[in-house]
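So the structure is just underneath, and the comments pick up after that.
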Amino acid sequence: MNHALTLDDVAGLARARLSPPVWDFVAGGAGDERTLAANRDVFDRVWLRPRVLTGAGRPGLGTRVLEADWAAPIGVAPLAYHTMAHPEGEAATARAAGERGLPLVVSTFAGTAFEQIAAVTAAPLWLQVYCFRDRATTRAVVERAERAGFAALVLTADTPHLGRRLRDVRNGFVLPPGVAPANLAPGDYASPAAHGRDELDPDLDWSVIGWLRSITALPVLVKGVLTGEDARLAVQAGAAGVIVSNHGGRQLDGVPPTLRVLPEVVQAVAGRGPVLLDGGVRRGTDVLVALALGADAVLLGRPVLHGLAIGGAAGVGRVLDILVEELTDAMTLTGTGSVKDAGPALVREQW
Ligand SMILES: Cc1cc2nc3c(=O)[nH]c(=O)nc-3n(C[C@H](O)[C@H](O)[C@H](O)COP(=O)(O)O)c2cc1C
Ligand SMILES: CCCCC(=O)C(=O)O
């Protein structure tokens, strides 16, 4: 594990550890996986403009999001069933993130009880909310997370139903034995595709933000925003922030890579709350580019499950350490002293 020097190294090791259908469930995207590929390719089309002799010295990576301290502008994206990758699941992830002062967004479909997750980290925990047709189910999940000490809700808005993930269709993917949601009532969750088709509420509109705010005191962020128009509506509806995300290319194939739409979302939100980005972040320079184009922080998805697969909490720790070290390197070598110093002058499109 210690010879893994990049997140791609970790992915390579993880692939050998996971069964092919689980690997495909994690790695795959919707349709032809055009959006999945673009999320990464877009970072290759941007170059950094380093400033020299700035006197910036060793950079400070710390930042504040929703009045909480993060040791770096990097959090863990909501991912269903960490227990698919390692038996200790979200508890292992939370331990690794917590030891590093980094936040974790816990999925509605977490494989570990919220209370167990909260017990092992002092870093911020946010609950990702899937809104079910049965609002009582959603309400129970939200109340449980709030009681466990979670600090914010992240409403996933891009999933009126689960996208067409052809790898899973071809594999007839079902959850491995022993993997189930730990914070939902017992039920038949074996096929994410079937459950995601039948149980999620496809009729949601912006009033759901008001409803969530009526059942909890927690701030609500909206995840899955890809246009300036929706970013504006999110803030108007009472959202505390937005997450620019195409669900890691797993929902509609053909929507743009997140980095491309980040500037229009940042402009629309206009400082009225944090703007986070996920999708394809695999290197410290990717983080720095996202910050330069206006993100307050990024969330990391699949690499976290890769880390779990290769070594539980230690594996996730390795993934987070690599990204933090790479970001430190990139900030040092561009003369960027702090997160807030990263601005548009730092990047240039490929020419
Ligand atoms: C296996 C897997 C499970 C996911 N589960 C959820 C989930 O439960 N809720 C959610 O909002 N997003 C979920 N996502 C999407 C991630 O939060 C995130 O948007 C995406 O993975 C970021 O892209 P990246 O993997 O390229 O870093 C999932 C993604 C993967 C790969
Ligand atoms: C029903 C599980 C949904 C998990 C999810 O959001 C994803 O796989 O992208």
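Using the three backbone atoms N, Cα and C, a Cβ is placed for every residue, glycine included.
Just so you know, TrEMBL annotations never went through curation; they're auto-generated.
Quick look at what TrEMBL annotates:
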ACT_SITE  HIS247  active site, proton acceptor
BINDING   78-80, SER107, GLN128, TYR130, THR156, LYS223, SER245, 278-282, 301-302  FMN binding site
BINDING   ARG165, HIS247, ARG250  glyoxylate binding site
DOMAIN    1-351  domain 'FMN hydroxy acid dehydrogenase'
Within the set ARG165, ARG250, VAL281, which binding-site residues show a CB-to-ligand 2 distance under 6 A?
ARG250
By Cα geometry, the one of the recorded positions (ARG165, HIS247, ARG250) nearest GLY279 (FMN binding site) is HIS247
Note: in the chain of VAL281 (FMN binding site), residues six or more apart in sequence with C-beta under 8 angstroms of its C-beta are PHE43, VAL287, ALA290, VAL298, LEU299, LEU300, LEU323
Among ARG165, HIS247, ARG250, i.e. the recorded positions, the one with its Cα nearest that of PRO78 (FMN binding site) is HIS247
Measure between the Cα atoms of every pair in ARG165, HIS247, ARG250, the residues the record assigns to glyoxylate, and report the largest value in Å, rounded to a whole number.
12
GLN128 (FMN binding site) and HIS247 (active site, proton acceptor), compared by Cα position, are separated in whole Å by 12
GLY301 (FMN binding site) versus recorded positions ARG165, HIS247, ARG250 - nearest by Cα:
HIS247
One residue among the binding-site residues PRO78, GLY279, GLY301 has the fewest other C-beta atoms within 10 A of its C-beta, namely GLY301
If one looks at the chain holding ARG250 (glyoxylate binding site), which residues at least 6 apart in sequence have a CB under 8 angstroms from its CB?
GLY28, GLY29, ALA30, LEU36, LEU162, GLY163, ARG165
The correct three-state DSSP answer for THR156 (FMN binding site) is strand
Excluding ARG165, HIS247, ARG250 themselves, the glyoxylate site's Cβ centre has within 8 Å the residues GLY28, GLY29, ALA30, LEU162, GLY163, GLY248, GLY249, GLN251
Kindly assign GLN128 (FMN binding site) to one of the three DSSP-derived states: helix, strand or coil.
strand
Proximal but sequence-remote residues of the same chain as the residue listed as 'active site, proton acceptor' (Cβ under 8 Å, at least 6 apart):
THR156, ASP158, THR159, GLY163, GLY224
Candidates GLN128, THR156, SER245 (binding-site residues); min other-Cβ count within 10 Å returns THR156
